[in-house]
Amino acid sequence: MGLLSIIKKQKLKDKEIRCLILGLDNSGKSTIVNRLLPKDQRSSEITPTIGFQIHTTHIQDRIVSLWDIGGQTTLRPFWDNYYDKTDVLVWCIDISQPFRFNESVHELFSFLQRDQGRPGHHLKLIVVLNKIDLISGSSIMTRVSSVQNDLSGVAGAGAVFVRCSGVTGQGMQELSYEMCSD
Ligand SMILES: Nc1nc2c(ncn2[C@@H]2O[C@H](COP(=O)(O)OP(=O)(O)OP(=O)(O)O)[C@@H](O)[C@H]2O)c(=O)[nH]1
Ligand SMILES: [Mg+2]
């Protein structure tokens, strides 16, 4: 590898990844963010987010800022304010509550539609199917396909789906990898 490519690679590595975590209230955003932090920086109690919280941490050898925004109805009109310079959008869905899938799909659609007015932005979308621990093994596939179906046409072909549990830690490695891979 030439010197220039090494410098280029290092520059890319040094660049902070700005990650915006959105989704409906109670979907588990703050719990996931808490899991992504080093053990000694985790909170023992998570309460509904009123406003937003920013954490900056190392994930997979990269510096990542995690923008955790409250998902309650009254807070959603403010989501757009956090969009600027976002590299990765993590959209969190509570897979144990199928009756809220439509609401989540609608909110994602509205958010991404507004995004079209922001030229030149290349955003990576990761859809997190959270609370997988609450679904019995036999119905996981049905539930996952149901969400993926609902989201087809909204999330786009480049979207990545990750199943996880912010409580047990299942799927966190995969989520970390996807957040940091180009
Ligand atoms: N069983 C289970 N419970 C979870 C999981 N993730 C979060 N929870 C629970 O779901 C509830 C809501 O989690 P939060 O992380 O506060 O959800 P949020 O999306 O940040 O909610 P807002 O801040 O209101 O937008 C809490 O009681 C969590 O303990 C999970 O993977 N499995
Ligand atoms: Mg929260």
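Numbers here mean position along the shown chain, with the first residue as 1.
Using N, Cα and C of the backbone, Cβ positions are placed for all residues, glycine too.
Note that TrEMBL annotation is computational and uncurated.
Note on ASP133 (GTP binding site): other Cβ atoms within 10 Å of its Cβ, all shown chains, come to 15. When secondary structure is read from DSSP and collapsed to three states, ASP133 (GTP binding site) falls in the helix class. According to TrEMBL, the feature GTP binding site maps to GLY23, LEU24, ASP25, ASN26, SER27, GLY28, LYS29, SER30, GLY71, ASN130, LYS131, ILE132, ASP133.
Secondary structure from DSSP puts SER30 (Mg(2+) binding site) in a helix. Taking Cβ-Cβ distances under 8 Å and a sequence separation of 6 or more, the neighbours of SER30 (Mg(2+) binding site) in its chain are ILE46, THR49, GLN53, ASP68. Residues or ranges marked as Mg(2+) binding site by TrEMBL: SER30, THR49.
Contact annotation for binding-site residues (ASP25, LYS29, SER30, THR49) versus ligand 2: LYS29, SER30, THR49, each with CB under 6 Å from a ligand atom. GLY23 (GTP binding site) is surrounded by 23 other CB atoms, counting those within 10 A of its CB over all protein chains shown.
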